[in-house]
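TrEMBL has this to say about the protein:
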{"type": "BINDING", "residues": "Ile16, Gln17, Gly18, Arg31, Ser82", "note": "substrate binding site"}
{"type": "DOMAIN", "residues": "22-238", "note": "domain 'Radical SAM core'"}
{"type": "BINDING", "residues": "Cys35, Cys39, Cys42", "note": "[4Fe-4S] cluster binding site"}
{"type": "BINDING", "residues": "Trp41, Cys42, Asp43, Gly84, Ser127, Pro128, Lys129", "note": "S-adenosyl-L-methionine binding site"}
{"type": "BINDING", "residues": "Ser44", "note": "Mg(2+) binding site"}
Amino acid sequence: MTETTIRVSEIFGPTIQGEGVLIGQPTVFVRTGGCDYRCSWCDSLHAVESRFREDWQPLSVEAIWAEVETLSNGKPLMVSLSGGNPAIQPLGPLIAHGHARGYRFALETQGSVPKDWFADLDVLVLSPKPPSSGMETDWQKLEDCLSMADGKPQTVLKFIVFDDADYAYAKSAAARFPALPVTLQPGNHTPPPPEEEDAVIDLDGIMARMHWLVDKVMEDGWFTARVLPQLHVLLWGNRRGV
Ligand SMILES: C[S@@+](CC[C@H](N)C(=O)[O-])C[C@H]1O[C@@H](n2cnc3c(N)ncnc32)[C@H](O)[C@@H]1O
Ligand SMILES: Nc1nc2[nH]cc(C(=O)O)c2c(=O)[nH]1
Ligand code: SF4
Ligand SMILES: [Mg+2]
């Protein structure tokens, strides 16, 4: 038994990873509760805002693991750690527990809270936030995240792009870390009210921004970047738990 408790908003899957370099890969999500950011367009407010706190459960590693094993039918796969900011939770023991059973771990974070256990991950997705989010990037913290990872996990940058200013941010942030692969993801303007499970998505808007972003990247000649939609949003809209 470990003493660790982790604040969990939801555990779901298996589903496909809908975003970034692992797009399409089967995975179970462990979404932690709580975030040090408040992005204007956050699509996961049910795991961010403190008014949903009572829905977040403090769970032991064993309890989380029982759910992951049930969902994956005991077959090792990639576990996606998201949130909220999963970096504010003590996830080291969970990662060790899963690795011992043949599972792998990818973490999604904005890069504001470095942790030494980042080095134990298989994939680290850093998604620093562009101007449209209303957040400020602490570049030192982002660099500290990379130092903690110590070159061990596959590390990638994922930028959300709504407009020209976001694109310029992605371009200059990527230039700071020339060794890291980049994915660009058009923003989804219609995060659902967290109370509403099935809010209608602005599919035309998402497709228009995807086209705009592809054109932009081609015109700019940024041929090392990958442009990807949120596949799960195209398939299932803003539904939770998919
Ligand atoms: C909900 S966040 C949780 C992990 C971490 N807090 C972060 O932001 O990286 C998971 C991913 O969704 C992205 N995301 C959040 N809201 C979005 C939106 N409205 N449109 C597109 N991507 C969004 C984030 O940038 C991040 O890459
Ligand atoms: N299928 C699926 N893919 C995802 N990629 C990132 C997600 C997230 O909310 O962190 C997410 C999610 O919630 N579902
Ligand atoms: S950092 Fe991630 S979880 Fe936190 S508010 Fe921004 S998008 Fe949402
Ligand atoms: Mg999401």
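Cβ coordinates are placed from backbone N, Cα and C, and glycine is handled just like the others.
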Beyond the site residues Cys35, Cys39, Cys42: chain residues whose C-beta lies within 8 Å of the centroid, for [4Fe-4S] cluster: Tyr37, Arg38, Ser44, Leu45, Val48, Gly84, Gln110, Ser133, Met135
Winner by Cβ contact number (other Cβ atoms within 10 Å) across the binding-site residues Ile16, Cys35, Cys39: Cys35
Residues near Gly84 (S-adenosyl-L-methionine binding site) in space but at least six apart in sequence (CB under 8 A): Ser9, Arg31, Thr32, Gly33, Gly34, Cys35, Ser44, Ala47, Val48
Rounded to the nearest Å - Cα separation of Ile16 (substrate binding site) and Trp41 (S-adenosyl-L-methionine binding site): 23
Binding-site residues near ligand 1 among Ile16, Gln17, Gly18, Arg31, Asp43 (Cβ under 6 Å): Asp43
Rounded Cα-Cα span from Gln17 (substrate binding site) to Cys39 ([4Fe-4S] cluster binding site), Å: 22
Among Trp41, Cys42, Asp43, Ser44, Pro128, Lys129, the binding-site residues whose C-beta sits under 6 Å from ligand 4: Asp43, Ser44
Annotated binding-site residues Cys35, Cys39, Trp41, filtered by Cβ under 6 Å to ligand 3: Cys35, Cys39
Surrounding CB atoms that lie within 10 Å of the CB of Pro128 (S-adenosyl-L-methionine binding site), all protein chains: 26
Spatial neighbour of Lys129 (S-adenosyl-L-methionine binding site) that is closest, considering only the binding-site residues Gln17, Gly18, Cys42, Ser82 and their CA atoms: Cys42
Candidates near ligand 2 among the binding-site residues Arg31, Cys35, Trp41, Cys42, Ser127, Pro128, judged by a Cβ under 6 angstroms: none
